[in-house]
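According to Swiss-Prot, the feature active site, proton acceptor maps to Glu105. Swiss-Prot lists 111-350 with the feature domain 'Radical SAM core'. Taken from Swiss-Prot, the feature disulfide bond covers Cys118-Cys355. If you look up Swiss-Prot, you'll see Cys125, Cys129, Cys132 marked as [4Fe-4S] cluster binding site, on the strength of sequence analysis. The S-adenosyl-L-methionine binding site feature in Swiss-Prot is assigned to Gly179, Glu180, Ser211, Ser233, Leu234, His235, Asn312. According to Swiss-Prot, the active site, S-methylcysteine intermediate annotation covers Cys355.
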Amino acid sequence: MSEQLVTPENVTTKDGKINLLDLNRQQMREFFKDLGEKPFRADQVMKWMYHYCCDNFDEMTDINKVLRGKLKEVAEIRAPEVVEEQRSSDGTIKWAIAVGDQRVETVYIPEDDRATLCVSSQVGCALECKFCSTAQQGFNRNLRVSEIIGQVWRAAKIVGAAKVTGQRPITNVVMMGMGEPLLNLNNVVPAMEIMLDDFGFGLSKRRVTLSTSGVVPALDKLGDMIDVALAISLHAPNDEIRDEIVPINKKYNIETFLAAVRRYLEKSNANQGRVTIEYVMLDHVNDGTEHAHQLAELLKDTPCKINLIPWNPFPAAPYGRSSNSRIDRFSKVLMSYGFTTIVRKTRGDDIDAACGQLAGDVIDRTKRTLRKRMQGEAIDIKAV
């Protein structure tokens, strides 16, 4: 699934204007150079856009009036709009965000010492992981840079306007929402560059996390493009189980996937030498003590910490959530091998905002529901 590289020439809107949210700093400087302006003007505008969540050129008071007028003629700052908001009893907020005639979902998760934003990268998902609600919606398209960074921009603007209520500013971003980020590299990477940029959101590379189910060629590319924290959606201790619940494993098996992870760690400073393993706990599928021993053996050569995720149900799902006692036994086995093991606290499940529950509103170009009814046919995933 290849993507055209984003440039100022291919990010114009219907009215011929360039949405500046589609441009990272290098592209923004090229844009201002083409306007006959000095590169530092790009830095000024980005600071207004991301430090102050400003989308009105007239409010950028350190930019001269002539340039502001020129910008209004050729450019705009247009983030996708929130069309629905749901608030959980635990403080989690889920926003449905309009992207064209469809919706993706973005989740704000406040904690005592941080606030994490879970961001979507695609409308739907093509990977068909059996335990994930997003995967059941099918796949429509990749999100543009402006639609990815626009989720962060919109959330930051909402949270910033609500400081009087005590909401914590966003400190962490995780690419764990709808979609597989590595199948949209050419939009995800510039968006993450803006998250890290001092004139963007200025986040530490250790506080921006990309999660992948294992698109190995793209993971190798990622290591040459950007350094961010990495989480891998493993979810199984062997290929037999993973083939069933994470079908991309049939193309890139666990051994191949973990080898790519180790290659990424060799290039990365953000991960401090270890990767986060995500492992959803499915009752009597992958949660037995024998599975824990297999997982420990599997990961012995991969420096990591392990997040055990109680499965979050959705309608018509064929699984059950592991009991607390089974999760506890599983965790103790892993810790006996010396692995740092954390049982993730479920957040936002009362508003379907928890891990694996995001669905949005997807016009399915893969016609997945129809195919499943008629043929049970699996989608073909092309390498990036």
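Glycine residues also receive a Cβ, built from the backbone N, Cα and C atoms like all the rest.
This view paints the features noted in Swiss-Prot onto the structure.
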residue : record                               : Cβ within 10 Å
Glu105  : active site, proton acceptor         : 24
Cys118  : disulfide bond                       : 28
Cys129  : [4Fe-4S] cluster binding site        : 22
Cys132  : [4Fe-4S] cluster binding site        : 27
Gly179  : S-adenosyl-L-methionine binding site : 30
Glu180  : S-adenosyl-L-methionine binding site : 29
Ser211  : S-adenosyl-L-methionine binding site : 21
Ser233  : S-adenosyl-L-methionine binding site : 25
Leu234  : S-adenosyl-L-methionine binding site : 29
Asn312  : S-adenosyl-L-methionine binding site : 22
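If you measure from the Cα atom of Cys118 (disulfide bond) to that of the residue listed as 'active site, proton acceptor', you get 9 Å. If you take the C-beta of Cys125 ([4Fe-4S] cluster binding site) and look for same-chain residues 6 or more apart in sequence within under 8 angstroms, you find Cys132, Thr134, Ala135, Gln137, Phe139, Met178, Gly179, Glu180. Cα spacing between His235 (S-adenosyl-L-methionine binding site) and the residue listed as 'active site, proton acceptor': 23 Å, rounded to the nearest whole number. Around His235 (S-adenosyl-L-methionine binding site), taking its Cβ as the centre, 25 other Cβ atoms fall within 10 Å, counting all chains. Each residue contributes its Cα atom, and for Leu234 (S-adenosyl-L-methionine binding site) and the residue listed as 'active site, proton acceptor' these two points are 23 Å apart.
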